[in-house]
Amino acid sequence: MHIKLANPRGFCAGVDRAIEIVNRALEVFGPPIYVRHEVVHNKFVVDDLRSRGAIFVEELDQVPDNVIVIFSAHGVSQAVRQEAARRGLKVFDATCPLVTKVHMEVARYSREGRECILIGHQGHPEVVGTMGQYDTANGGAIYLVEDEEDVARLQVRNPVSLAFVTQTTLSMDDAARMIDALRARFPGIGGPRRDDICYATQNRQDAVRQLAGECQLVLVVGSSSSSNSNRLRELAESIGVPAYLVDGAQDLRREWFDGIRRVGVTAGASAPEVLVRDVIDRLRQWGVVNVEELTGREENITFSIPKELRVVSSD
């Protein structure tokens with residue numbers, strides 16, 4: 001059995017930054033550090049941070065006074081920010097800068113009184129946070145659409161003053177279809193010059209396309225709560241290749257590999273490389289004789305952390 005590794009895979013710049021913010025806060029201020037929502041959607045990462053003193057909560061009413069709280073990489077609504085400010089909580093914001101970019105677009109449309117349509121998955125924390133950037137007090141409204149049927153049913157107040165944004169972790173193919181449907185339904189709709197899907201999501205989906213073209217089965221290392229990891233599995237399946245989403249080596253099943261000679265392995269943007277290596281080690285035990293790293297788009301993007309956390313070790 002032969003393994004091909006997708007490239008790029010695993011952590012993106014936004015995830016690196018979010019995890020570093022929690023780690024640095026623990027180092028500088030000591031535990032407990034409160035984090036609103038899982039800082040990234042990966043069980044291994046969250047369990048590790050929890051073991052070192054991070055406390056994960058879903059709402060600020062679970063956070064006591066006079067503590068440090070970190071907002072997750074997915075972003076939060078303006079109402080959450082206002083509540084934190086009202087209570088005087090010390091906040092470090094781990095929102096991915098590419099999500100913040102979408103937030104700024106939505107806030108601008110709101111200020112202009114322009115209606116906004118968000119393409120995304122209902123209930124996902126990024127979507128909740130993005131919807132919460134829109135202030136209807138200026139006379140506009142924001143709408144969420146998940147599929148083309150939603151677009152067909154959507155009734156807006158003012159189709160000539162309308163714009164769209166997208167969740168950053170969507171399938172590129174699905175987003176393109178949705179944007180086409182919106183433009184067909186509302187010819188005057190505005191939006192970003194390109195969709196808001198982030199560079200890491202695009203690169204990992206492109207890498208999976210290559211992987212699926214060369215392999216008989218694809219493994220995606222990532223948690224079931226991770227939107228971008230689920231999209232990678234769905235993309236491989238849409239190409240006609242069986243694909244499985246696994247949190248780690250413990251989720252592998254030997255029967256998946258009966259008659260399989262070429263296995264593709266990738267990882268979602270919130271999955272650490274150590275989990276990929278664990279999967280490879282397990283597959284070596286089951287007969288893998290060769291591991292090949294595919295070439296792919298190089299990623300050299302980094303995002304800075306808050307100044308207060310940029311401490312230099314005294315070691």
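Backbone N, Cα and C atoms are what each Cβ position is placed from, and that goes for glycine too.
Copied from Swiss-Prot, the annotated features are:
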- E126: active site, proton donor (ACT_SITE)
- C12, C96, C198: [4Fe-4S] cluster binding site (BINDING)
- H41, H74, H124, S226, S227, N228, S270: isopentenyl diphosphate binding site (BINDING)
- H41, H74, H124, S226, S227, N228, S270: dimethylallyl diphosphate binding site (BINDING)
- H41, H74, H124, T168, S226, S227, N228, S270: (2E)-4-hydroxy-3-methylbut-2-enyl diphosphate binding site (BINDING)
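Distribution of Swiss-Prot features across the structure.
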residue	record	Cβ within 10 Å
H41	isopentenyl diphosphate binding site	29
H74	isopentenyl diphosphate binding site	28
C96	[4Fe-4S] cluster binding site	26
H124	isopentenyl diphosphate binding site	16
E126	active site, proton donor	25
T168	(2E)-4-hydroxy-3-methylbut-2-enyl diphosphate binding site	28
S226	isopentenyl diphosphate binding site	25
S227	isopentenyl diphosphate binding site	24
N228	isopentenyl diphosphate binding site	26
S270	isopentenyl diphosphate binding site	30
- [ ] Quick one: give me the count of other CB atoms within 10 A of the CB of C198 ([4Fe-4S] cluster binding site).
- [x] 26
Task: Candidates H124, S226, N228 (binding-site residues) with Cα within 10 Å of C96 ([4Fe-4S] cluster binding site) - done: none
TODO: Write down the Cα-Cα distance for T168 ((2E)-4-hydroxy-3-methylbut-2-enyl diphosphate binding site) and N228 (isopentenyl diphosphate binding site), rounded and given in Å.
DONE: 9
Open item on the list: Of the residues named as isopentenyl diphosphate binders, H41, H74, H124, S226, S227, N228, S270, how far apart in Å are the Cα atoms of the most distant pair?
Closed with: 15
TODO: State the three-class DSSP label for N228 (isopentenyl diphosphate binding site), counting H, G and I as helix, E and B as strand, and everything else as coil.
DONE: helix
- [ ] Filter the recorded positions H41, H74, H124, E126, S227, S270 down to those whose C-alpha lies within 10 angstroms of the C-alpha of C198 ([4Fe-4S] cluster binding site); answer none if the list is empty.
- [x] none
TODO: List the Cα distance (Å, whole number) between T168 ((2E)-4-hydroxy-3-methylbut-2-enyl diphosphate binding site) and E126 (active site, proton donor).
DONE: 8
